[in-house]
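Per TrEMBL, the features are:
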- 12-31: transmembrane segment (TRANSMEM)
- 43-67: transmembrane segment (TRANSMEM)
- 112-154: domain 'SSD' (DOMAIN)
- 126-148: transmembrane segment (TRANSMEM)
- 185-211: transmembrane segment (TRANSMEM)
Amino acid sequence: MLALRLLNVVAPAYFLCISLVTFALQLFLFLPSMGEDPAAARLCSPALLHGALFLFLSTNALGNYVLVIQNSPDDLDACQGASARKALCPPPSTHFCRVCARVTLKQDHHCFFTGNCIGSRNMRNFVLFCLYTSLACLYSMVAGVAYISAVLSISFAHPLAFLTLLPTSISQFFSGAVLGSEMFVILMLYLWFAIGLACAGFCCHQLLLILRGQTRHQVRKGIAVRAGPWRKNLQEVFGKRWLLGLLVPMFNVGGESSKQRDK
């Protein structure tokens, strides 16, 4: 249990550090390298378009990250401890989280990167957080590949060029042909690629469970759930104004969870 509580503190700090490093690289390396073309128009310069797109992706990722933490799942006051949980019989959609030490309504899982349980109230923000984190990481990887390609004069036209970049760069780094800053960017390329794929997998898996009207806890425990219409399941999580939520980080408006919260 001590290891889980420690991970609950280390994982959010790790995510924030990666975010700060990504912002620094974008601001001090990638954007200046794109603004060196004097022939590009000021209003449609690559640096301006890249900065606007990255700002949109990162704002939605960090905004939904904050909302996941702020909009915690409903806590059942009648079942605060393990003894109360054994004495009472909570609804089958509830689950006792050992890390948070509380019984939450419609708990899906505990996310260590946010240090919070994912349930009915913050499921929408968690899915959007995974989506925009994946897009921001993959987009940063593309910008980093363009930067490394220009600085080191490396062509990525061959499909295996990215796979062989790391071992080749390590040998060149120890021989002095690659600078420390360039080697750091190359390492970040693989980290962005891994985080982007992992978040994309989480997002797709979570959307599949939402369409089925299930939670990860119910699937893991083998709890049978009466499947409802997939449109109703989506509306319950994302609300009626789902399109606005894709563009701006906001609480779930118009969904069943927001109605239950208002009550």
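Just so it is clear, glycine is given a Cβ too, placed from its N, Cα and C backbone atoms.
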Between the stretches 12-31, 126-148, 185-211, which one has more Cβ pairs under 8 Å with the transmembrane segment (43-67) than any other?
126-148
Hey, which bits of the same chain come close to the transmembrane segment (12-31), Cβ under 8 Å, at least six residues off its ends?
47, 50-51, 54, 58, 62, 65, 112-115, 136-137, 140, 143-144, 146-147, 181, 185, 188, 191-192, 195
Go ahead and report the DSSP secondary structure tallies for the domain 'SSD' (112-154): helix first, then strand, then coil.
30 helix, 3 strand, 10 coil
Mean pLDDT, the domain 'SSD' (112-154)?
92
